[in-house]
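For reference, Swiss-Prot has these:
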type: DOMAIN; residues: 4-75; note: domain 'KRAB'
type: ZN_FING; residues: 171-193; note: zinc finger
type: ZN_FING; residues: 199-221; note: zinc finger
type: ZN_FING; residues: 227-249; note: zinc finger
type: ZN_FING; residues: 255-277; note: zinc finger
type: ZN_FING; residues: 283-305; note: zinc finger
type: ZN_FING; residues: 311-333; note: zinc finger
type: ZN_FING; residues: 339-361; note: zinc finger
type: ZN_FING; residues: 367-389; note: zinc finger
type: ZN_FING; residues: 395-417; note: zinc finger
type: ZN_FING; residues: 423-445; note: zinc finger
type: ZN_FING; residues: 451-473; note: zinc finger
């Protein structure tokens, strides 16, 4: 049996080439080489050059060990056996399966594989690939196509303005014929056709196709917001939202209209703008004259006027005109409160309610009434307050004709006319017509007093009680 060396099973780099690989690719190289070594030893093949094996096991740079003089070839990652150096029957298949398994498992973006080769120059695991003139191709010049039997690489190149293609017999992905440069992208794409959603949220049961989107979704339940803006301190759940936000501070407008040259900081804004050039007219609501650029948004808006409420709660039968509103409503029944105040530990069902609550601790009241100078922490409360000065009561009860300044007051009033008490206390089974009354009632069972007076440190269960108390100090 001929003695094998690591020159015969060679993956070779210069120091400069090694530095071009990212850590994942370096780790893949080490793992493949060591597994090759172990497989050969297990088959009784004598292996020379133990220094390289030791170097790999200690995770040192492989170019520190002199395997042999580096041959003059383009900078690439090459792994090969020659036809003459297969000492044991079946080891060739074993080698191919090993590399293919490693490749498919790790899904490294810019490593490409060819199978079924018989000579030294035919079988390569490489970056980008070579053409038939042994010229190195960039990864953008290669496409991984899905064949029914195996994964193959087609390397396309140009020479003297002639287009040539290697490795015939390839088959595109049969579902749609789409091809990909990256094996991981192909794997992800196939999920679309399969309709598969393997990632299911244990909290709400929602399923996702991609692990990345699933992980971002889980942060809704945990309240985690790992992305913080250094400019303004805003925090975000997803990296995509954070990236969009940063453009506000930089003034960057990366999305440019090819028709007129106008630039935008968001792709969605560019899409809306393009409708002007396409001759698409904005949609105007005949009821309130509000203008919409999206037909889907207009369809949602029309439900306000028609009273259509297609999203119904299975627990209590209450219906809503938006799916997001139904999702928020369901938390009443589940008791879920994913948004927690870091100051006092109070939890909320909606992030907007948490943001409003935070102003209790900061004392911030940015919204001021021009009529009386009174300030408010929420713009909505200011708008409702203004109706005191105007005397406006736009919300009228259809049952008795009584009018109200706020729609919430009318909604609460309408429950007088019905015997329905949908809000039930889990502690004592007492039921209430209004959710606010249930919230007040629940404080009987707890000692929670979140509203604290800054002047005397006295605490109260209700914010209204704190306001009454403050008058003592003034």
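One is the number of the first residue shown, and numbering goes on along the chain from there.
Note: Cβ is positioned from N, Cα and C throughout, glycine not excepted.
Given the structure is predicted, the values throughout are model-derived calculations rather than measurements.
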| said: Per DSSP, what is the helix/strand/coil residue tally across the zinc finger (367-389)? | reply: 11 helix, 4 strand, 8 coil
| In the same chain, which residue numbers or ranges, 6 or more beyond the ends of the zinc finger (395-417), come under 8 angstroms Cβ to Cβ? | 384, 387-388, 433-434, 436
| query | Where, among 199-221, 283-305, 311-333, 367-389, do we find the most CB pairs under 8 A to the zinc finger (255-277)? | reply | 283-305
| task | Average the per-residue pLDDT over the zinc finger (227-249) and send me the rounded value. | result | 79
| remark: Under 8 Å Cβ-Cβ from the zinc finger (283-305), and at least six residues away from its ends along the same chain, one finds 272, 275, 321-322
| query | So which residues does the zinc finger (367-389) touch in its own chain, when a touch means Cβ under 8 Å and the partner is 6 or more beyond its ends? | reply | 356, 359-360, 405-406
| message | For the zinc finger (311-333), how many residues does DSSP put in helix, in strand and in coil? | response | 11 helix, 4 strand, 8 coil
| request: Determine how many residues of the zinc finger (423-445) DSSP places in helix, in strand and in coil. | output: 8 helix, 4 strand, 11 coil
